[in-house]
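A short worksheet on the structure shown next.
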């Protein structure tokens, strides 16, 4: 029994058994054996079971992630059948008369060391593949269960230290009802994925993996950021009620699905969604999104062994544009680097990756990569309402250079006989303070701004958003942030351009009234936040909020701002 | 025995996915098929063997086949290398 607080990362209530997604204890003892034949049989059995599991994981991955991603499991399967791997293990058992665990460990370590010492970073990373495969076999030898998100076939709550993007990609919504992790925040990768999968999640609990035992009944309260382990009958009942209410609320929201977003005094704003893959579009439509305000294209590049081809990208962009028809789709060009790495690009490790070689900085230097993406986008533009946005722009020169490359590719495609839309808007993310400050100069050249608050806040406050010890500095309502946002919006409007926001802040119920008052035109958020936001905006008077603007901008602290808004909007 | 020399052109060298295809293809022949790189020779039917060579871009590798179907085998391997965009 226990009640743990964490960070509400994805709303809703989930109730199910705990399932630990952690590497089990694989420690073993060295034993002298009597019969090498028996020991080898044990090894073969563990290998066969592992192969069967990998076959199934491969099949699942094909369905959920596509053939390309599933291929890595073919390589894993080959390792388990490889005589170069298996024979040395058998030899060690026979000659040294030791148990299979020792022999497996020795042989695997020999290969792992060999890979780790290679010159090529890609090959060094392959040590992790050998480790992965070996751990599975070891788990079977020791007869401890080896967790595998793709193999789950009953309703569970995932309990883990953290979830990697590939872990989350393997989650099956039919069985995974929610998840909770030790680390992470509202903007960490796992939290964002939870919202796009629409499963309740509580992250940053620090201790959940120690507190929840396998098969304990667990409640994940993604509304208030709580996890309850082995609830009492009374607690269970009250949460089932809360779950029912949430479902009812969701049905209420659903009534606004096809309604426009209008404030109480009749002013229209646009509510659009953040997506990562073409599969996310159905969630945008079912949640009443008026378009896509941020399509993160990184996912096309992640979790694979090479760059995606122009054709692969074209198909993804085309699919998103077609599904949304006339509705706008803002595609952000590749934002890799920082905390998002690509093994196959072999980029040097940086001391300060968020301030380093990432996003547009990388694309302008590696224009071979950039051009392929731009070509795919331009070709796809005939299939819908495309807008292109460059990330991490710090100077006007960067924007001009990126735009020039885009225009070159456009001319080249035209001369190759391709057709494309001639009304593609070209804008930038405003996430670097220098760009926010220089917004009036930018506004003369760009078609739109989208304020990326996750990064803008961390750069303005000089606080790493992944570092829990400085997380108190992550203050979206800080007057410094509000003044920057206001400055950007005013700059856009002075040139007849529009300004949107695509950070987490855009879907926040305290920030929404502020942003409405500051004149924001477009709010881009997780699809599941759209209907609650629309409900909220229908009760807000824009004229009244505009009246608070000067007062808010001159306030001294984030708390003061929050108190004021809570009072005025009864929250 | 038949042999071919190939230059690897892929940016990441012979990486996991094409190596998998090569091993699977080699496994279909009776002949012994080996790869030689930097004085080290490994069995092409072994994924660990190939990966352990850590063959990078611009590497020159020598492929040999010995056995009843050696001609077909070496041709099939060279085809895979070309089709996968690994080298020429």
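Here the Cβ of each residue, glycine as well, is placed from N, Cα and C on the backbone.
Note that the structure is predicted; figures quoted are calculated from it, not measured.
TrEMBL lists A:189 with the feature active site, tele-phosphohistidine intermediate. Taken from TrEMBL, the feature active site, proton donor applies to A:502. Feature annotation from TrEMBL assigns phosphoenolpyruvate binding site to A:296, A:332, A:454, A:455, A:465. TrEMBL lists A:431, A:455 with the feature Mg(2+) binding site. What TrEMBL lists as coiled coil is A:26-71. The domain 'Phosphotransferase system enzyme I N-terminal' annotation in TrEMBL covers A:5-126. The domain 'PEP-utilising enzyme mobile' feature in TrEMBL is assigned to A:153-225. Look at TrEMBL and you will find A:250-540 tagged as domain 'PEP-utilising enzyme C-terminal'.
Residue annotation for phosphoenolpyruvate gives A:296, A:332, A:454, A:455, A:465. The furthest Cα pair among them is separated by 21 Å.
Residue A:431 (Mg(2+) binding site) carries neither a helix nor a strand DSSP state and counts as coil. Local packing around the recorded positions A:296, A:332, A:454, A:465, A:502 was summarised as the count of other Cβ atoms within 10 Å of each Cβ; on this measure the leading residue is A:502. Fewest Cβ neighbours within 10 Å among the binding-site residues A:431, A:455: this applies to A:455. When the CA atoms are compared, the binding-site residues lying within 10 A of residue A:502 (active site, proton donor) are A:454, out of the candidates A:296, A:332, A:454. DSSP assigns residue A:502 (active site, proton donor) to coil in the three-state reduction, placing it in neither a helix nor a strand. Helix, strand and coil counts from DSSP across the domain 'Phosphotransferase system enzyme I N-terminal' (A:5-126) read 82 helix, 15 strand, 25 coil.
A gap of 14 Å separates the Cα atoms of residue A:465 (phosphoenolpyruvate binding site) and residue A:431 (Mg(2+) binding site). Residue A:431 (Mg(2+) binding site) and residue A:455 (phosphoenolpyruvate binding site) are 5 Å apart (CA-CA, integer value). Cα of residue A:332 (phosphoenolpyruvate binding site) to Cα of residue A:431 (Mg(2+) binding site): a distance of 13 Å.
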